[in-house]
Amino acid sequence: MTTAHILGFPRIGAQRELKFALERYWRDGASADAERALVDTGRALRAEHWRIERDAGLDCVTVGDFAWYDHVLTTLAHVGGLPRRFGFDARALTLADYFAAARGNAAQPAMEMTKWFDTNYHYLVPEYSPATTFGPGVEWLFDEVREARALGHRAKAALVGPLTLLWLGKARDGLVERLALLPRLVPAYRALLARLREAGVDWVQIDEPIFSLDLPDAWRDAARPTYEALAPGAPKLLVATYFDDASEHAALLKALPVAGLHVDLVRADAQLDAFVADYPADKVLSCGIVDGRNVWRNDLDRSLARLAPVRDALGERLWVATSCSLLHVPVDLAHEPRLDEELKTWLAFAAQKTREVAALRDALVKGRAAVAAEFDDAAAAAAARRTSARIHNPLVKRRVAALTDADARRASAYSVRAAAQRARFGLPLLPTTTIGSFPQTPEIRRARAAFKQGVLDHLGYLEAMREQVRIAIDKQLAYGLDVLVHGEAERNDMVEYFGELLWGFAITSNGWVQSYGSRCVKPPLVYGDVYLPEPMTVGWASYAQSLSAKPVKGMLTGPVTMLQWSFVRDDQPRATTALQIALALRQETLDLEKAGIGMIQIDEPALREGLPLKARERAAYLDWAVRAFGIAASGVADDTQIHTHMCYSEFGDILPSIAALDADVISIETTRSNMELLDAFETFDYPNEIGPGVYDIHSPRVPDADEIERLILLALERIPAQRLWVNPDCGLKTREWRQVDAALAAMVDAAKRVRQKVEEAVPA
């Protein structure tokens, strides 16, 4: 019979139980009681998620999709591959050790973090050196298998594959080629798979999403010998590709000595023919037809029509699946009592998507009539969504159609603008600033919760937030920062805040997804044409500016990031939606400028994240992404300084496009990479001003002034002092004030030291 399965389920819990358990554990100093509570929470979440999968009608549950912090880090823990610099005993690894690698400790900074392919999930980057070894690691996966079997479930295990694990890492300490470590890594995987077979696991899903990339020949050539070494003695192996088209590797993948393949038909439907043609008789083909990355309800009839010919060709060897892990969507639509009822009928979260997979399996096996009610409901929802009047705004469509190339460019060149801005602001060499947000304290959260619950009225809430702005301004003046921010106390999230104020967006109550570790985000839903009904940030920025003679930046989230960090409508091109958002932000920048705000930051941390995985598709994306930013930023006068911020980005390959944004100042995250990101600036003459991050805000570790001074001096080797800013890596929302106070005081001290050295080195 055709098998229904998913590639993974969200691990955070319907009420973010894992987040809160992690934070309690860290807050309690990793005590024995806190660890027991955390372990119990993880066990309960896994049991609940498997229950959802079973009750939906899936043929197996997935184990190994759970991780305490990150599934790449967990895979490293399973194969004894955590960075040697931490000095851990791989076979006796504790949770405290695991979290030290993720978050850093007093002796070592945290592992670097970057985006998982083109998603908004962040993984911890493996560190590989000539001395790297692999071997037996933690028992967590086997514990999960035992848990699932004890609950009566048929378990399919899931692992990040060896090729992907190596690809995702960075070579260090003279290692020339990561593939040189493959002969050491394969035996560790082989032993892991053999143990899974001994534990009674029939199938193991091996995630190899790198086969959706443009792979070098050496990596392609490594695939067959790797899986020839893994297959003997292992359970049946299902090699899973996702996130893009893997058809250029179809012949290679079909020839692997494995029991099945998985392909993503949501992101790359056209690849199906390349896989079905001459498909080996000894393999299953898992078709990812239910979207694992977006929240829109599946058009079941359309999906059934797509799968029926595959069933006719392959029979029971067709498996029905989600396109990728459901890690990227919220847990359960049932927890959205306040969402608009019509909109709700258009949606499916992880729990609903598991049922969509099973319903498609049932229709393929028993016929559509067996699940007619579910199919009819889905068809009605799809029809209503196509025709709903709430989606279309003729005014917005006219404004987008009227845009010209000139609307996306500043009136004057950077050199002219820079002179006007120097005259207006009179900033010192190496000006210091922050990225935007300050700690979201318990006081802020209590006030927001009281306001949402109706306990605190609107005026009371505004005064509470104004008090937090006053605190933020006073602290920044005490540190001695040159350019200030208002601290964003009123914002629960840099995208959701704007989504609440823009037409065409909807906000969920509990639509949380994991960004990294305990960090969760609640992406808005972009369901219709986007329009700005009234100013969003002017009041807060104006109030903050009234408290200081120093410039205060207005803070906006850019159009591409708004798009990337939302669940976006799929009934029009993403480029069109980006332009709609850009027009709304353009109006906001003009309103800020009119109110006297002279610096406006338009954050685009997700610019590179949106880059297509295929090189051939990138130029078109960058064209519309740069245009959207230009539309948002280019209406202001020469002496209004436009800032932008990017984080977690390795963007050497897109520096020309970043330069084309023509922001007066760009800040980037560089601390964890020890300024390696700036290597690209040695060969590319970036024309505008830049602030490489000198303080890793993702770790509780507080740097001292000497450490920050060293980073500033490293940056000066690549960036002229006249164009260098000093700032943290990212916003400070997740840190505590005691950490921020110490770190920013050290940052200002370090900047003053270096400023003095630079000025003394310049002849009078």
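Numbering starts at 1 and runs along the chain as displayed.
Cβ from N, Cα, C; glycine included.
Residues Ile435, Gly436, Ser437, Asp603 are given by Swiss-Prot as L-homocysteine binders; from Glu467, Glu488, Glu490, Glu496, that same site also lists Glu488. Site annotation (Swiss-Prot): Zn(2+) is bound by His645, Cys647, Cys730, and the candidate from Glu669, Glu709, Glu717 recorded at this site is Glu669. Cross-referencing Glu53, Glu604, Glu609, Glu617 with the 5-methyltetrahydropteroyltri-L-glutamate binding residues that Swiss-Prot gives (Arg16, Glu17, Leu18, Lys19, Lys115, Arg519, Cys520, Trp565) picks out Glu609. For the pair Glu488 (L-homocysteine binding site) and His698 (active site, proton donor), the C-alpha distance works out to 18 angstrom. Taking the C-alpha positions, the distance from Glu669 (Zn(2+) binding site) to Glu609 (5-methyltetrahydropteroyltri-L-glutamate binding site) comes to 14 Å.
Looking at the residues that bind L-methionine per the record, Ile435, Gly436, Ser437, Glu488, Asp603, the two CA atoms farthest apart are separated by 13 Å. Between the alpha carbons (Cα) of Cys730 (Zn(2+) binding site) and Leu18 (5-methyltetrahydropteroyltri-L-glutamate binding site) lies a span of roughly 24 Å. If you check the binding-site residues Leu18, Lys115, Cys520, Glu609, His645 against Ile435 (L-homocysteine binding site), the ones with a Cα inside 10 Å of its Cα are His645. The distance from the Cα of Lys115 (5-methyltetrahydropteroyltri-L-glutamate binding site) to the Cα of Cys647 (Zn(2+) binding site) comes to 10 Å. Checking the binding-site residues (Arg16, Leu18, Cys520, Asp603) against His645 (Zn(2+) binding site) with a 10 Å Cα-Cα cut-off leaves Asp603. The maximum pairwise C-alpha distance among Arg16, Glu17, Leu18, Lys19, Lys115, Arg519, Cys520, Trp565, Glu609, the residues recorded as binding 5-methyltetrahydropteroyltri-L-glutamate, is 28 Å.
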